[in-house]
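Single-structure report; data block below.
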Amino acid sequence: MSANSRGTRPTRGRNPPPHHGPQPEVYNIIPIHDLLTDHPSLRYPEVRAAAAALRAVGDLRKPPFLPWEPHYDLLDWLGLLFGFQRDSVRNQREHLVLHLANSQMRLQPPPSLPDALDPTVLRRFRRKLLTNYTSWCSYIGRRSQLILSGRPSSDDIIRRELLYVGLYLLIWGESGNLRFMPECLCYIYHHMAMELNQFLDEWTDPETGRAFLPSISGECAFLKSVIMPIYRTVKSEVDSSRNGTKPHSAWRNYDDLNEFFWSRRCFRKLRWPLNFSSNFFDTVDKIHRVGKTGFVEQRSFWNLFRSFDKQWVLLILFLQASIIIAWEQTKYPWHAIERRAVQVKLLSCFITWSGLRVLQAVLDAGTQYSLVTRETWLLGLRMSLKFVVAVAWTVVFGVFYGRIWSSGSSNEADQRITMFLQAVLVFVIPELLAILLFILPWIRNAIEEWDWSFVYLFTWWFHTRTFVGRGLREGLVDNVKYTVFWILVLASKFVFSYFLQIKPMVAPTKAILKVNIFQYKWHEFFGHSNRVAVVVMWMPVMLIYFTDLQIWYAIFSSFVGATVGLFSHLGEIRNIGQLRLRFQFFASAMQFNLMPEEQLLGPKMNLVKKLRDAIHRLRLRYGFGQPYTKIESSQVEATRFALIWNEIMMAFREEDLISYKELELLELPPNCWNVRVIRWPCVLLCNELLLALSQALELAEAPDSWIWLKISQSEYRRCAVIEAYDCIRYLLLSVVKYGSEENSIVGKFFNEVDGHIQIGKFAENYNICLLPKIHSKVIQLVELLRKPRKDERETVDVLQALYELCVREFPKLKRSIPELRNDGLASQRETELLFENSVQFPDAEDEFFNRQLRRVHTILTSRDSMHDVPKNIEARRRIAFFSNSLFMNMPRAPNVEKMMAFSVLTPYYDEEVCFGKENLRTPNEDGISILFYLQKIYEDEWRNFMERMKREGMEDEDDVWDKKSRELRLWASYRGQTLSRTVRGMMYYYRALKMLAYLDSASEVDIRAGTQEIASHHSSRRNNRQLGDDGLNSAGGGGGERPSLRKLGRATSTVGLLFKGHEYGSALMKFTYVVACQVYGQHKAKGDPRADEILHLMKNNEALRVAYVDEVHLGRDEVEYYSVLVKYDQEQQREVEVYRVRLPGPLKLGEGKPENQNHAFIFTRGDAVQTIDMNQDNSFEEALKMRNLLEEFKVHYGIRRPTILGVRENIFTGSVSSLAWFMSAQETSFVTLGQRVLANPLKIRMHYGHPDVFDRFWFMPRGGVSKASRLINISEDIFAGFNCTLRGGNVTHHEYIQVGKGRDVGLNQISMFEAKVASGNGEQILSRDVYRLGHRLDFFRMLSFYYTTVGFFFNTMVVVLTVYSFLWGRLYLALSGIEGYAMETSKNNKAFGVILNQQFFLQIGLFTALPMVVENSLEHGFLPAVWDFLTMQLQLASVFYTFSMGTRAHFFGRTILHGGAKYRATGRGFVVQHKSFAENYRLYSRSHFVKAIELGVILIVYAAHSPMAQDSFVYLAMTLSSWFLVLSWIMAPFVFNPSGFDWLKTVYDFEDFLNWIWYKGGVFTKAEYSWETWWYEEQDHLRTTGLWGKLLEIILDLRYFMFQYGVVYQLNITGGKTSISVYLLSWIYMIAVMGIYVVMMYAQERFAAKEHIKYRLTQLVVISMTVLVLTLLLDFTSFTLLDLVSSMLAFVPTGWGLISIALVLRPFLESTVVWDTVVSLARIYDLLFGVIVMAPVALLSWLPGFQAMQTRILFNEAFSRGLQISRILSGKKTN
């Protein structure tokens, strides 16, 4: 969601609104101001009860100095008393009434007085809303101000509770940005509730002696006196952060300011009324203000150790123990442990452990020292004591350990070992206690949640006391589950590490250490020891050791996730074929899950009810016993099912996923034509009749029961036979005139056949072999009836032929004419032929009859099994998922009236709402318009759209731009990532709720009558009315008008015709959709077309509300900011303003998206809120399950109820290109399998997916659904999960419902998204939330948390560092000569073989793709999953994933080191556009290209100077994966770039790149046009980084000097000397080159323009001197031309190293003459890098066939769907 909104810009010329706000008759959802209005929601007595309770002001003392109106209620009373805004009061009144009414509707058993507010409803709500406040009071040691005991009457208690609840809602509703500071609101509420109590209890003011009055009152007093001063403090802190670029430790964010209220000093310092001279506020100088509170965010990699020290201690101690044991070189470790010396050596682990505690203490003190003040001296004392104690333990263990080795006898040694072990026992007492409390989690929870002083003293040593992070332990069952999981993972990892990583390294290490001293090839600073070589050997092994737990987690989580998925019944119905097998149970499953059950059972029956439901599900799922009741057409369940199924199919048709023909094949037609069975969709009956016919012929001589038994083995075949028979009877009786003799004959014939069937004598009496003939004649008749012009003569002939067949030939017993006349089967007339004057054709305009006729024809004639219906892949996927989900475990649905109410909230900034006509038409540089692209990608959907438009009156396809432009724009917008698509998807909830409300209340009579009404509606609709939004009459008229079909519009959906009116009220009370269009006001003021589009959305969607921020200019630069809610009033036919709540100031103080969400949050309603992003979608069939999902809030998962319901996502952008498919596959496994495992068994799922549903009243008083502090909360949504877990919430995951989600589809978009996520994770590592979770979660949940959040990104970075360390290590060994020396002695070859093999461990990186394959297998089958995986590899998925790894590693590491995280708007457009080389270079130069070139240079230098590399096979085997990484990082941006290898484009790209490099530009030049601007922007992070960041950057840059140091000693000119002077002399070369460069630059600047001769002369002198020096070197020294090439590889990296260091030192160098040289040198280097990167691209572009191959790779998914991608890319459009 790119709503990272900038601060809203003022819109000039606006007048302030009148203070009275909107007119009183304007309301949001229910007109509470007038309960007598005719509004569907007011039919509920619960609404009137809640409103009446609020109006019971009674004898309350009225606020003085203000007029009191008789219609005022308790909220008006509070508003007048404390000075709340009028519109805020109106908003919260509706909020409160709606919630209380909805809660009372859900009450079980229902209250005896529905017209009175039930006290339990109010009590539960008050407890839920104010739990955080009461917990805060208990924590801080203050008495809660909720005083309810000792009240004289229940009415008084209800009134008090309403006042307490109302007061909190009003405070919350006006707090603006302070809603992110929940405990600050608790502080405000505490004092205002105290004043409310004093006013209610009629206290006397001790100072004046008069009746007590609150300290704040008057118009807008609360906002001005309380909120604004705190807001200004927040704003001044944010302003001082220099847009978040200052270190986090230098300013207070939302969390710091909030955590100030976690200690009692807030009462002492702030008091009440607020003391503005307190050093909390911005009225005090910054140096004297309260500093950081609770936590200091310091930028350092050490945060990883500090936050997750427990896992690092475990890994380090195991590593030490493994090395000690492996050093003994025994076959198995237990053999070594038996040795006494090894046992003693193992005791040294405790020295390491205590040393790590010293490190932790140092890090705590080093990062958190600024928290220590005079008021928090205890914190400083604890830090100091922890350090002292840790040092003391290290000394004690060190001394004791030394004494063991120095003991003289074994007895003395035993005593000293015993003493050591006694010390160890004391040392590990805290750990043993932690293990005990881990086994007994409820005790730990109780201890942490007690707010008693002695408990605080007891825990003071272990951690800082905080308000959050207490009582996080899970129940025993969950404990066992995730403990077993992690014990298995750790056991696997440790066994693998010992036997395959550590143990094989011991022998080579010993061998290298024993190597005799030899001559190094360079000057060795570390003497002649081989320890550096050992370090180099072990480094990659150590890095892999510390990261491979991520791989083991991936392996285990894949299989556990698959197992959990199997038990959840995922993937049981994978396709339409499998749905066919279960469709007969489908109606029962839908009835069971989607229809509410009768609420007859009391709460005592809960267990029995659960058991009964479980058994019923089992029978439904597997067909045990009687699997389903055969639903016949007479049953109301069948009709209900048909209504729902048809509405789903109708939604598919509206979305153009299916054609009208497919709609007819898929729908369940209403019961008509006296058919006795349920009329299954044609797609299921397909060829069943012909199969039944062939079976009957096979068993022609068998009795009826045998034939019927055979046919009835297939339910669909049985139904097809009966339906065909019933329909033919009805058809013949309809076509033959009623009352005629022929009609009587037809009736008699069928009665006779029925009689034989009933007694089981059909086969005995009739010649079954004649059935095919009868069948063909019936088909002939139906085809005649289907013709537009019906031929009576032909019809009579067919009827006569049928008569002859059926009456004369069909019976086995032949009868004479008189006998037939006697039986009523022959005409009494002698002269006239049968049927001649008795045929009557139905009305040609009767569309309903025609539709049934088409169905009969399909059943009679279909030979096709129809496995390809529907054709559309998305439609098939959706039907399969929906049908499968109904067989999964989900709560039973309640009635709509009794369901939880919910809202959907979408933050929107300025993205696309709906594509404009020009936007769709305008071609890009390749000649491709968006519409043309969409027509080709969604070819079948385009055909269906055009078919729909023609049915709606469009005559010619070209008219679509004029007559149907709105529909065309919407069609395209619904296939992009637009607001229109999101709104359509979310409004399906409203549509679903209306339908379900009707079905809940409709009686059997209603439903049966309704289906008949729908049936008659089909035939009565005409198409001659106005159609479309363009207001154009459909053309045509006169006699030639073809049969009309009813318009398929949303307003006329089938069930909608049956609504009685109350459904709208039910749906509105249960659902609201708020879109936070932050700058909608500005769009309106500027006449932006997006404003009109948003208005159009409101106009067409009744439940849609838009919230925006309005700026009102009062002159003299004074601006007021308002949060405004608008809706479209259908009566007034215009947009109306509902509420206007003033804000304390500009909206955006922190991150834009959460601020935008937060301002609109006050307008949401209901118990739950679903946070939906701008790139999401929904479907009607999924919306039907929402009320089931909301019931999950009532279920305990473990020891808690859920506070966030996780919902799975379906990535809908996977079909656009192979790149989109890779991203979609990766994302799908993350949002399904990944989240499933996190929720169960690991119990650590956070909030990752945007469609998660929040318990609204749980989150409201706890800081909302995201965090907003600038920069640190850049990944704002994940912090909602952190906050939820820390505050004792519970996050679950549910996979029977899903929401659509779009992902970025081009490499540049994807890379920007990856960069944003990686940077966000870099910031998370610094955050207090991650630190607290790392310390407050138990050990195993902490591991789960680490490896699924920041640990994943850290380990990705370490994998890249492993490649670096491996290659740099190889280079060191080759250039130093160790490798060559070791090669000479065969016994050491093994040492290098081992290091070789270590590198291949990286190939286990393949296992990180395992979750993807496993999830695919689960949902689509094993073979399709393997095929998909192989296809992805052929489409170079590995190149993409390797490239992505580089992106993540770069931005994650850079963010932790230097900061610089920022929101990156990706655009989410369609990607068919070629990206220029310059653009790719700007984006990937530093993150990929430079690093790849560095690794490439290492590999080349190594190949040139390593004796091992002389064997090509060895060299390739060793470096293959490294070369793959290098090539992936260089080539991926071009492989995945449309037309990336087009020769002409490559030529133009290079010219454009050169222009960009040399363009000087000016101050305001953008980075796209000037290299210099881009270069400065690229280094911005170095300007804001701290001292440690700069120091580390310089240390890392020193590696570039290694090339020069290593290579100069290999040059022939050195003559084998290894003196340090050789290296120092080599710098002469650098100085000479720099000198030449400076001279040339100076000459160019000075002489090139005007004194050209001097410039040429200078060039001549320089070139002559260079040639002379080279000649002298070649003649008089051992210098060779090969040395010249080698020295290039040596000195070019040195230059880059110097530039990199100069950039760090820029503040000192920028003002000197050196800086210009640095800039010009950097330009030359970027040109060089550009040429290196361009070279392979140019080569591949020049070679024939590569462009076609690349297109195939990039668009294979589309090719496989038969789309003309080549035409898309070449732009050869036909139209």
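Along the chain as shown, residues are numbered 1 onward.
Even glycines carry a Cβ here, placed using N, Cα and C.
Residues annotated as compositional bias 'Low complexity' in TrEMBL: 1-14. According to TrEMBL, the region 'Disordered' annotation covers 1-25, 1015-1046. Annotation comment: TrEMBL describes 159-275 as domain '1,3-beta-glucan synthase component FKS1-like'. The transmembrane segment annotation in TrEMBL covers 312-330, 342-363, 417-443, 551-570, 1345-1367, 1422-1444, 1489-1507, 1513-1536, 1622-1643, 1655-1674, 1681-1704, 1724-1743 (among others).
Long-range contacts of the transmembrane segment (312-330) within the same chain, counting only residues at least 6 positions beyond its ends with a Cβ under 8 Å from a Cβ of the stretch, are 304-305, 336-337, 339, 342, 345-346, 348-349, 352-353, 356, 494, 497-498, 502-503, 505-507, 542, 545-546, 549. Summarised by DSSP class, the composition of the domain '1,3-beta-glucan synthase component FKS1-like' (159-275) is 78 helix, 2 strand, 37 coil. Panel annotation: around the transmembrane segment (1513-1536), residues 1218-1219, 1306-1308, 1363, 1366-1367, 1370, 1396, 1399-1400, 1402-1403, 1436, 1438-1440, 1442-1443, 1446, 1475, 1480, 1483-1484, 1488-1489, 1491-1493, 1495-1496, 1499, 1502-1503, 1506, 1733, 1736-1737, 1740, 1750, 1753-1754 of the same chain, lying at least six beyond its termini, place a Cβ under 8 Å from a Cβ of the stretch.
Long-range Cβ contacts of the transmembrane segment (551-570) within its own chain (Cβ-Cβ under 8 Å, at least 6 residues beyond either end) map to 485, 488-489, 492-493, 496, 621, 884, 887-889, 1232-1234, 1236-1237, 1240-1241, 1295, 1347-1348, 1404-1405, 1407-1408, 1410-1411, 1413-1415, 1417-1419. Take the transmembrane segment (1681-1704) and the stretches 342-363, 1345-1367, 1489-1507, 1724-1743: counting Cβ pairs under 8 Å, 1489-1507 has the most.
Below 8 A, the CB atoms of the transmembrane segment (1724-1743) and the transmembrane segment (1345-1367) form no more than two pairs separated by six or more positions in the chain, fewer than 3 in all. By the Cβ criterion (under 8 Å, sequence separation of 6 or more), the transmembrane segment (1345-1367) is in contact with the transmembrane segment (1489-1507), since 3+ such pairs are found. Tertiary proximity for the transmembrane segment (1489-1507) is limited to same-chain residues at least six positions away from its ends with a CB under 8 Å from its CB atoms, namely 1363-1364, 1367-1368, 1370-1371, 1373-1375, 1379-1380, 1383, 1446, 1450, 1481, 1515, 1519, 1522-1523, 1525-1527, 1529-1530, 1600, 1603, 1606-1607, 1610, 1686, 1689, 1692-1693, 1696, 1729, 1732-1733. When pLDDT values are averaged over the domain '1,3-beta-glucan synthase component FKS1-like' (159-275), the model yields 91. Sequence-distant neighbours of the transmembrane segment (1622-1643) (same chain, 6+ residues past either end, Cβ-Cβ under 8 Å): 522-523, 1604-1605, 1608-1609, 1614, 1654-1655, 1658-1659, 1662, 1666, 1687, 1690-1691, 1694-1695, 1717, 1720-1721.
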